[in-house]
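Q: Structure below; questions to follow.
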Amino acid sequence: MPRYNPAEIEPRWQAFWEQNRTFTTPELPSGPKRYVLDMFPYPSGDGLHVGHPEGYTATDIVARFARMRGESVLHPMGFDAFGLPAEEHAIKTGEHPRIQTQRNIDNFTRQLKMLGFSYDWDRAIATTDEAYFRWTQWIFLQLYDTWFDSEQQQGRPIDELPIPAEVTAQGNAAIEAYRDANRLAYESDALVNWCPALGTVLANEEVIDGKSERGDHPVQRIALRQWMLRITKYAERLLDGLDDLDWPTGIKKLQQDWIGRSTGAEVDFYVGDPANLDAWKSERSKSGFSAEPGDAALRVYTTRPDTLFGATYMVVAPEHPMVKSFTTNEQSAAVVAYCEKASFKSDRERTDGGDKVKTGVFTGSHAINPVNGQPIPIWIADYVLAGYGTGAIMAVPAHDDRDFAFAKQFDLPIVPVVDPPSDHPERDAILAGDVCFVAEGQAINSGEFDGQTTAEVKAAVTNSLNQKGQATEAVNYKLRDWLFSRQRFWGEPFPILHELDANGKPTGIKRGVDPADLPVLLPDLKDYKPHGRPEPMLAKADDDWLYVTIDGKRYRRETNTMPQWAGSCWYYLRYIDTENSERLIDPAKEKAWMPVDLYVGGAEHAVLHLLYSRFWHKVLYDRGHVSTPEPFGKLVNQGMILGDVEYTGFVDPDGNPVSTSDVRKDADGNRVSKEGIPVQSTSIDEDDVEKKGEGFVLKSQPTIKVDSRAHKMSKARGNVVNPDAVVREYGADALRLYEMFMGPLEATKPWAMTGVGGVRNFLDRVWRMVVDQDADDLVLNEAICDEACDKDQLRVLHQTIRKVTEDCEGLSFNTAIAKMMECTNFFTRCEKRPKEAMLTFLKLLSPYAPHLCEELWHLLGQEGSISKQSWPTWDEAALVESSIEIPVQINGKIKAKINVSPDVTKDELASIALADEKVQSLVEGKTIVKQIVVPGRLVNLVIK
Ligand code: ANZ
């Protein structure tokens, strides 16, 4: 019997598309264009999981829909292929990471093709391709060649940087140093995770709670020369640019918070010899606030200059350059020990949670509070970060939670200087210094400023101290410059050369590799084992790779590699002009295709990837390589798919977990694994689960392993659903349809295998609507006819066209599917199913279930690919219900029924009722004393 058999249909159509190059993108769009982009995956060894095809199916529907509407569509796919796992594998096996990476890419490609996505595979790229990373390196050279003109708010070529006369006077080396200090890509010492036991620098994700993930060894934060990107210069532009983007509000907010603009003041506290205070003050009055605080002052950044009178101590970060000068002999041992300990903590651990137990140590020194001349102690504490503001704070325990906790811990004075509104429930406790109050109010204990509002005092205090040369208004961003180098092997080498002197020592002068000599390839290594020194892996390379001589000068190559973010910063541009070996991108193509019209991916990339690529894009824009200020016009985050929620924790009699997707019912209705072994469901209490070794077990009975639950899918939980298995059992079209039918694209949804069965039933019904399943051969269902639709059929069909069209545009795929299910049910009940209607319906369904629709399209005698057909349009006139039945009552009893158009007026309805033959015969010779006419509902005639 000719049943619907996706296993046979799907590979056949995939081969057809490939042979006929059905989804080849035109070089340039003709007419309207749509660039539909997925966040490209990291090709992990585990292959796709069902979370990936969620977004990919959504974009595929949009791409297919747009093509059928006559738009030129760019819908590409690629691989974000550098990264740690392949390197880890190489360390273990000695196999080049490229080999493992290629294997994984091949597997991903196979799986993606198996799902029938209409990508233009000719444009597939991997960030690890030499022809690709050549341009990643080229963009780095652009960053290196650019400085940011703050006045014009624009990146400009480094040779346009104005050099101050005093720098020019010092000669070429000084000029070069000045340029280096202004480039968007620059070198600096930054903290890295150095693990002495493993003899390697670790990535942040390899460090858990200050220990190495591998081996659980202590990890120390040490300073190492690093490449940084001056993204902070673009903070304002990155903030402003968000306004015009069609992005989820939540994502915009995350980016705003990440950039974290705050306004306040920088204030200098005198820390010199008390005898010289007056001299310092008068000097400052004359000179005004200077760029550098000098040795006699400790500079802080505060958002609350209004609370200066409440500053009862100061705190500097353990890494602050003045720590040594503040530390007295008595305090020295304690300070050294404290700073050493702090070096093992990440910023996150140092700042997480306001109420965490605070640690710190007194330096032994004091500073002078500029508003009241009081000496206040200077402490060191790790809750102050070296990299934010000035790395030092004035602590106001009465009005800052962290300071409050610290003051309580170390018994430091708490002086309230902001009076809360009089109806504040805790006002008394706040005024007594027992409770911290962080909001605004009226100044108290603040001398001449008492009684003024917080806003007034902020301005007045800053202004008054500014007159004395001790403060200035300041803007700060949470955003840090981007630490752009890694000490790993499997990344893009930097195209930078360090000049060496006759003794082989670096002179400090650098040069970019000539763009014509790009790409700088990775060196061949004998093995990938750590070399045991706190420096990059590429330092293991042979001298042939490491050293270069140009014009008689020797250079050593940069040995850091770029982070994985680099390759994903600009891949959307490469898809537009994949083969170009002459330039980054052909301007005509760039203009024609950019910006990306729809970008779909996981919310986990809300901040970094999207911020980094926006930053690179803006630099490329400033330097004239792209024409749009932003890369991604519309962004949508698909929701997370959780593990199967339906049954919890299947285990076999030995207690081994059985994945939900492998559980069946046998003939007696008992649950068995696919091997037929009985399985039992352990009903799990959320709190009764703990991680043990590879998997999860019940706390109460640790021998029982548990697997799938409505948790994020993960290998450790055993609840990952593998698309290969789903396709094998239900087909790719069913998988695609289910991914979209689970719920709104943005929602978090649990997977349920029964749901896949449900949509598969729908596809079976579509098949049977067209095909005669009882015949021996593959023939059309006898209900298929050449007649035109009747009014009802036309109405249902056109309602479906409208709904599916609007929902495809609005990315509301689940409701479109529901409508198509309704439509199928309707036509299945019709004894005659006009072929035209079937063809129209198949066009609507084809972006969702392309293989099935191609197949039925051909069975109905059509040629070519259904994806090349034009999208159906609906006729408004066909949408309305053609007639409705209205009961006609006589003296309250239904005596007749009339069919009228649903929009007849009251008068029309009355006269139609009176013209009805049956009604006429009943009222003949009687008097109509009253007419009750309700349009759309009824007519009631009262007669005598
Ligand atoms: C005194 C003060 C009083 C503060 C008060 C706040 C409330 P945002 O808004 O996040 O920019 N701060 C400054 N530099 C710091 C650093 N390197 N590490 C940790 N904290 C630092 O925060 C600015 C506020 O955070 C500053 O204002 C400072 O504390 C603290 F009632 O100064 B405030």
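The count begins at 1 with the first shown residue.
A Cβ is built for glycine as well, from the same backbone N, Cα and C atoms used for every other residue.
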Q: Quick one: which of 602-606, 712-716, 792-796, 922-926 does TrEMBL have down as motif ''KMSKS' region'?
A: 712-716
Q: In the predicted model, what is the mean pLDDT computed over the motif ''KMSKS' region' (712-716)?
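A: 69, rounded to a whole number.
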Q: Mind tallying the domain 'Methionyl/Valyl/Leucyl/Isoleucyl-tRNA synthetase anticodon-binding' (790-905) by DSSP state, helix then strand then coil?
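A: Within the domain 'Methionyl/Valyl/Leucyl/Isoleucyl-tRNA synthetase anticodon-binding' (790-905) the tally stands at 64 helix, 17 strand, 35 coil.
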Q: Please work out the helix, strand and coil residue numbers for the domain 'Aminoacyl-tRNA synthetase class Ia' (13-145) from the DSSP assignment.
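A: Summed over the domain 'Aminoacyl-tRNA synthetase class Ia' (13-145), the classes give 70 helix, 13 strand, 50 coil.
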